[in-house]
Structure formats: structure tokens, C-alpha cells
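Some notes on the structure that comes next.
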Ligand SMILES: Nc1ncnc2c1ncn2[C@@H]1O[C@H](COP(=O)(O)OP(=O)(O)OP(=O)(O)O)[C@@H](O)[C@H]1O
């Protein structure tokens, strides 16, 4: 058992603010941060006399610390322990926007910004490959807790559009007070790519389920769990350990969030669950406290083992050090100091391989049955032994005789007919051998009784013995064929199951007009569904929305990076191929020289073998080149996969933001229409519109006045085109061909494309009909 307090780290988010409000003092065993609170701010503090606040951490990561360093110092030791069978938890705690998600999952822009989760996945698989004497398995689950409800983020069957679409996870407690999560799916990950796909699926589901009212990342807790098993070859024990990587909700105090309505409810839940977390931590820090209130919230129940239980736990306190965030950062650090007092008691989680246990139990049951049978009715078996049984008994007896192990036994069960048969068989053999063979009494080894007679195997020449051996061989063959068949069937079944469970694979989206749709998105993927269901107008609006979308630049940059990486990968691939061909050529050349030298017996003659030596040196050089490029290609592949993942994530976000914006625009339009219907019937009748891109985005609008049908691509920065009241007057107008007021009935040249024009006209007519129906009939 390892007794260890929770390790606490602090990370400062980079800021442009110049004024230095803190100082870090690095010591050998720990670091100390001192916050200097300016007088104006300190007035708002509870303890307003104090102007300096000092906190001690295992390590403090200043603003310029890169992700790799955080991973190495925080996560690597935890992972090493997980591989040895100890449970581990790393959780990030801090106010909204202080860098929790950045630390745990990573930033959306660069490969180097990958957070602890993707780095842990890579590290685990690297470690697996470095320990061939172990067989490892990895399984993954991803839980989100929002308003005290748990949701399974890894449900591949579901198309989610809101959080409630995801399967709900509930807590169950067994009689030993162990917590079980009902409905939380656990997925196998056989390699890094599969594991990253699961992370991507979870993150995508999390993002899709977000609404403007529910910025889940801020207001929910997320627990990504890696379940690892390790078994040393030949060993019957399995080590099982879990690594929880936790991104907690923002820790800011309720008063500061200006929460109201739904937000207030959420804020209450979040603050409550973090408050309960605090209660648990306070209780654990108190020496004589017996009751720890884990059950008060779902989060503390799930993380029960991580807090004061069988786990090695690490906390990262994330801090923003701008003046306005100072009080929150100080309370984050205070919280961390309390956490640091909690002692966990971690044990290696080992258990016997259930398959071996089952086999052993089966054998025991069989033996017990036999004993029982002998005890109850030793002669209970009736009738003669079948030919098959006789053959089997002969084989068993022969194996028994051939087995040189003194402890071996002849086990034929409780059937007295079989036991008698074997005795008879042994006696027959003995008599036959006595008759035919010379028997030499040989002094036995020290552990053998002196009067044991060893029979010389060379005298086993009877026909019966030979037959028995043949039968034995035949049976062995049959068994091995059956075992192979079983293995194949099992593999087929596993493949089938894996195929069913496999999440969508992320690859680079195709270039061209539809470049926002990743090529291999599952056809049921929510994003594809959304795009498929888009009307033409909506697609057009989407294209424009995309053009001006802030995050689009990131996507484009990633694509550029990918393009560059592909070119580099191609080049490396070519270099590798060339090196391989060269190596093959050099190998055959060196073989030829070698043969020649050997034939002339001049292998050791430095004058003769110089060509051989130089060929070998070139070979070594080429091999080194090959290895280097291969390694580079391998790294590049991981970077490419990550970039693809980031692109897709951004694309899903773009799609999601567009949907939110579109819905808002539709609602806005609806309201305007209603208003206009009351104010200006005639004008409303003549207006038809298609929602265009919103505020700050370029706009495509179609305006049809009572005398002119206008179509224009106009750009409005501040106002939506649905703001018809005044804004439509400001829009540039393009002349239409139709001049009559019955615009909807005439053939209008709107876009120049007759099909699209027909669509628009049909839309106008339909709209007009609806408006007419809505008019008060008098
Ligand atoms: N160390 C860092 N280096 C660079 N950028 C960072 C760093 N930490 C945070 N950021 C950036 O700051 C922003 C907010 O960070 P992040 O989303 O991780 O905060 P958070 O604490 O998880 O917030 P929330 O509680 O809302 O989830 C993001 O744009 C992120 O990329």
C-alpha cells in the first residue's frame, strides 16, 4: 500500500496584462507563489488588510510552460503508477477560462497544444510496445455530469443534438459501498488511433450537445477514464487500474456570474457540486472525522476513490492572474492547499485471471463430483464401457506410464468400471512385459523407493503399444484442429463485435466545395445529417457564414499545415522507398563480395576486403537514414492525425454555431414578420426573404418591393437583413425585370439560374399564401 497526499500543481494562464501581480519562488522540493493584491482590489477582499497571499505547490507552471512539460511533470508519473496497477486521477480546478480544458484536453490550434488526454493515450501505447513481456488492454469511457445528471459521451448509436439525447448514466451502490455507473459504455481501444477516435467522438458529442444556454464545457464536469489491464505472460494475475482525467466546471462564485434563469439553476448545481467537493475535502482533511459526505453529489460519488481512497491523485489549479481575476485565483489556490492535506491509500489492484479461475473451479467441481459419486455409490455406473471409452482409457494409461513426473496421476473419474479397466490394463501390460522383456532392477534416485523397478523403454515393441501410440497421435491432431477452429470462430466473433462498436474514423476532409464534410463521416453523423437536410438557401448562407467565421482561419491554417505535412510525408515515403531499394541492392552486393572473398579465402585480408568493408559501411549509413526517416514519418503521421482531428472538431463547431445563428435568425424573422403584419400589411405581402448571415457576417438578401423585385448580395455589418423596418431601405437595389406588383406570379430573373429562381418564386408564393391565411378576415 502506498500512502500519499494529493499532489498539487499550479498553472498560470498566459496573459498580455503587463502589471505583475504575482511572483514565483522555485525551491528544490516545492514552489511558492505570492500574489500581491493592489490596494484598490484588496478593499473588496474579506481580509482586506492582507495584501500578500502565499501558496505552496509541488510545482508551479508559469505562463510560458509548454504542454509537453506539464505532461512530463504531472502526468507521466501517474501513468507509470497506473501501469503498475495503481489507480490515478488528474483533475483541473479553476475559474472559467483559466485553462482547465487547455490543460486536460488541449488547445484547438496546434499539434503542440495537445493536452494531457491525447498525450496520455500516446504514452500508454508507447509503453505497451516497450514491454512485450506483458499483454495490455485499454478501454475508454467518457462521462459528462451536467446539473447533477450523468451522460455517456461515447454512445456511437445516437445522433445527438442536445445533451438529453445522450444515454443517462445513473449511480448504483453495492453492499460493499462500491459505486457503479449504470449505462456508461466502455469501449476497447486496440491502438492509439482507436483511442483518439473515441476522444474525438466524446468531444464532438459534448460540443454538439452544447447550446448557447448550456456552454457545457464551462458548466459541466467531464471525466475521461482509461481502464488499463496488464498481465505478464504466463502469469495468472491481472493488474487492473483506472486513470481518470477530469475537467471540472468553472469554479467562480455564483455572485460574480450574474446568473439568472436557467443559468442560475445551472450555477446553483455547479456551485453546489463544487461546494460538496469542498465539503468532502474539508472532511477528509480533518483527522478525526468519520463521515465524509461523498453521496451529496454525483461528481463526488464518482470520484470517491480519487479523494481519500484507493488512488494516486493529482490536482492542477489553473489561475488567471489579471487584476479582475485575482480573487478567484486566490480562492483556487486556497482550495488547493486544503486538497494537499488529503491522504490517499493506494494499493495495487490485482486479481486472478477470471478464465483461469473458472478453469480451476471447473476442475474442482469435477473432482468433487467424482468424490461424491464414489462416496455415495461407487459402483453406480452400469453397463459395459464403449469402444471409445476404452480407447481413451488406453491413451490415458499410456500417457501416465510415459510421464516421467513422479507426481503425475492417472485420473479417470469416479466410474469404477474405468478404474478397474485401467488396473486390468496395467496388469496385462506388466504380465506381457515380464514375459517378453528383461527387467533390470535399477537403484532409484534418492527420492525413489529402492525396490522400484524401471522398465527399459526399448522393450516397448508390442503391437498394442504401437497402436496405442498411433491413436494418441491421431487424437492429438484432432484436438489441435478443433482448437484452431475454435480460435478462428472466436476471432470472427471479436472482429464482428469490434466492427459494431467502432466509432467513425476521422480523416481529412476532401477539398473542394464540400470541404466542410469529412470524407468518412458516418452517414448517420449529426453533421452530415444537418448538411443533407439543408435547403439550398441555407447552404448558401452557410457558405457565407463560413467565409467570415472567426474559427475558419484556424481550419484553413490546419489545412495548410496538413497540405505541407502530406507533401513532407510523401517526400519521406519516397526517401524511405529509395533507401529500402538501395539497401536491398547493397545487401546483395555485399553478399556477392563476401562469397567471392570466402572462395578466395581472403576475408581477413584488409587489401582484398576493402570493397566489402566500404559496402558494409554504406549499408550502415543507409540503414541509419532509413531508420531516421521512418521515425520522422511515424511522428508526422501522429501529427497529421491530430491535425485532422482538430479540423473536424472546428468544423463541427462551425456547423453548430451556424445552426445556432440560423435558428436565431429564423426566430428574429418570425418576430419581424409578425410585427410587420400588424403594421404594414401591404409591405409585408411584398417582402420575401431568405435568412442571411448574421451580425458581423456578410449577407445575402433578396428583397422584393411592391414595384421592384430586387436581388442583391449586400453586406451589412451591424444589422440583420431581417431588420426590414429601416434597413431594407439602405440596401442597394438591383433592377428587376418584372415591374408589376404581382411579383410572385411573374417569371422573375433573380439569380440567372432558372431552377433556383423557380425555387425562390415558389417560396415567395407559399409565403404569401400563409400570410394571406393569417390575415384577419373581415
Ligand atoms: N496555457 C495556455 N496557453 C495558451 N492558451 C491558453 C492556455 N490556457 C488557456 N488558454 C486559452 O484560454 C482560453 C480558455 O481556456 P480553457 O477553455 O481551457 O479554459 P477553461 O478553464 O477550461 O474554461 P471553462 O471552464 O469555460 O471550460 C482558450 O482559448 C485556451 O486556448
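First residue shown is number 1, and so on along the chain.
Cβ coordinates are placed from backbone N, Cα and C, and glycine is handled just like the others.
Here's what TrEMBL has on this protein:
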{"type": "BINDING", "residues": "94, 95, 96, 97, 98, 99, 100, 101", "note": "ATP binding site"}
{"type": "COILED", "residues": "609-653", "note": "coiled coil"}
{"type": "COMPBIAS", "residues": "695-714", "note": "compositional bias 'Low complexity'"}
{"type": "DOMAIN", "residues": "5-342", "note": "domain 'Kinesin motor'"}
{"type": "REGION", "residues": "687-714", "note": "region 'Disordered'"}
Cβ under 6 Å from ligand 1: which of the binding-site residues 95, 98, 99 qualify?
98, 99
Find, among the binding-site residues listed as 96, 98, the one whose Cβ has the highest number of other Cβ atoms within 10 Å in the structure shown.
98
Translate the DSSP assignment of residue 99 (ATP binding site) into the three-state scheme.
coil
Neighbour-count leader, CB within 10 A, binding-site residues: 94, 97, 99:
94
Looking only at 100, 101, the binding-site residues on record, which one has the least crowded Cβ, with the fewest other Cβ atoms within 10 Å?
101
Restricting to the domain 'Kinesin motor' (5-342), report the mean pLDDT as a whole number.
84
Cβ within 8 Å of the mean position of the Cβ atoms of 94, 95, 96, 97, 98, 99, 100, 101: remaining residues of the chain near ATP:
13, 92, 102, 250, 318, 320
